[in-house]
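In what follows, a structure is listed as structure tokens, so that the remarks can point back to it.
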Amino acid sequence: MQRSEEERFYMTCRAAYLSVFRSSLVNMTSKDQLCSVLQQAGRNPSQKALDKYWPPGTKKLNFDDFCEILKKEKTAEPDQLMRIFKKFDTNCDGYISHDELSRILTSSGEKMSPKEVDEVFSLADVNKDGKLDYAEFCRLLESTVEQCQTAALEKLEADAKLKRQNFGNQLDNSPQSLESQPELPASEIQPRTEPETTQRKDSRSSSRPSSARSRRSPLSTAITMGSGSTKSGRLAEPKSLQDWHHTLMRGCFYLEEDGTIVSLQYRLIIPETTSIYLTIRPLNLSPIPDKPSPWMCVDTALYVVTGNETKEDSNLVCFTELRDKERFLWRGELNAGSYLLLPFTTGCRLMKRTRKTTTKTAQLVNRTQSGELELTKEFKAALSDIFEVIDLDGSGLLSLEEYNFFEQRTSGEKCDEDAWAICKENFDTRKNELTRQGFLELNLMEANDREGDPRDLWLTLEAMGYNRSLEMVEGKCSFFVCACLFVIAAVHLDSGIKMLNSAVQRSITSKAEARSLKGHENVLVYTYKGESRISSVIANKSNQKVTVHINNEQSKNCVSSRAMSVFAVEVPARTKMVCQHVMALNEQQEWTYNCVETIIPSL
């Protein structure tokens, strides 16, 4: 698999981390260690920033914590440092004397001691003439940072042991790494041979030396998937949905800063046992005919569970396993009762898109010739798309409940009945609900309340996945949920994540065979082959935690939910964990999943 931009970022993270520690499994135990690792990555954190990342009471931070911090810390820029030096170069001759530097560093900002100033000057006085050539110093600093990063990367590539310890991103928080589940029941399925996988006796699929492979007992799984397999052909849609009593509900996946995916959950009430038909598919928001939204390729699924949405324990009933083009569907009989519908995506294609160059910030409001504020055409278009997403029933109107899901997402607050009554009095409504025009008027009022200051408007847009150029850059996919025969009601926006994780895990273990790693009979790997994805779960039945190294380097035309081809997962004792989901990069071509799982011995 090709190395993605995110994977390159994590390689840089690991290279910096391994410049200070012997392994990415080692925790940072002091603020000074955090500072050292950040400096190895080309950052120059202030004491204030370090205090923020290491608040009082902090005892340790791990590699994943470091990766999140590194995303927030900007690279030290020599140009910025040059500008600072020039402010204190009173003679404009390109030099700063020892006395001038000492006065600056000991009296302003994060004050240094005279001894620390002497140490800096001894390094910076490259000509040994008692003066600091700050342009040369900035070049030296930039060169040193680049050399440190290059050396760290070369060390990582050259050291096979370090490379095997390559950890995936956000093992505990990401949507790809589902949380560990409770203790395994005694009746857990025993190891069997998966008929659709092959356990390789040769070693060509692994990049490790043969001695390491035999000592670490790898398990190899190879599955080849056909091209263009987008039609299930096994489940026909009712000839006319009009013949069924059906409901269409909309929703949206949101990719949070910590990697967590959240979405609405829905309540389905069935008064008596009957047949139902469930589908979920992306919602196309593209304004251009015959040019679908880029998020139409995002995979979706719907999990049906029993249980209360406030509780973690639940029972998986079914999920939309069958596929017909971009739709995933299930048809069957459900008993009378209350069910939760949990939308899901693997995250393989729900990644943040980043740009190397910053584009121009879009304008949200203008002033007319009369001096009145108005929304720009571009802002209106973005708000219209947002309206489509939060109009859950597709009626073209926003109810108080629908509007509050929007408020919960963007501000964390809710609009009460009194405030809603004021909205209906001041903005365009129909049937006591807010129209699209009324929604635009509400945002214009917010702009007027702040005299054209767009900061709060930008907070709303960014929460809904837009960048400062009004482009949809954050992972976000809108979808339709269709349930024939019964009405669905949205119930929660971001709760039930653990319940969904449990349902996904159970769907894999119930469909896949369990295979144990040779020499580790209590470590089982479940590999599930669906119509568009391959998913795996690692179950640790032993009484000690295990670290499993995952190598997908021999896979072809694949993308992993881990965004990396080589990583490792820690599985606590007596727990299960979803390892990864893998999908085709190009569904029109054949793709091969080739994964080697290996136990990493404890350090």
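Cβ coordinates come from backbone N, Cα and C, glycine included.
Lifted from TrEMBL, the feature list:
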type	residues	note
DOMAIN	76-111	domain 'EF-hand'
DOMAIN	112-147	domain 'EF-hand'
REGION	167-237	region 'Disordered'
COMPBIAS	167-180	compositional bias 'Polar residues'
COMPBIAS	191-205	compositional bias 'Basic and acidic residues'
COMPBIAS	206-220	compositional bias 'Low complexity'
COMPBIAS	221-232	compositional bias 'Polar residues'
DOMAIN	378-413	domain 'EF-hand'
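For the domain 'EF-hand' (378-413), same-chain residues at least 6 beyond its ends with a Cβ under 8 Å from one of its own Cβ atoms are 247-252, 254, 264, 283, 285, 287, 362-365, 420, 430-431, 433-436, 438-440, 443, 457, 459-461, 463-464, 466, 470, 472, 478, 490, 493. The helix, strand and coil residue counts that DSSP assigns across the domain 'EF-hand' (378-413) are 24 helix, 1 strand, 11 coil. Summarised as a single figure, the pLDDT of the domain 'EF-hand' (76-111) averages 68.
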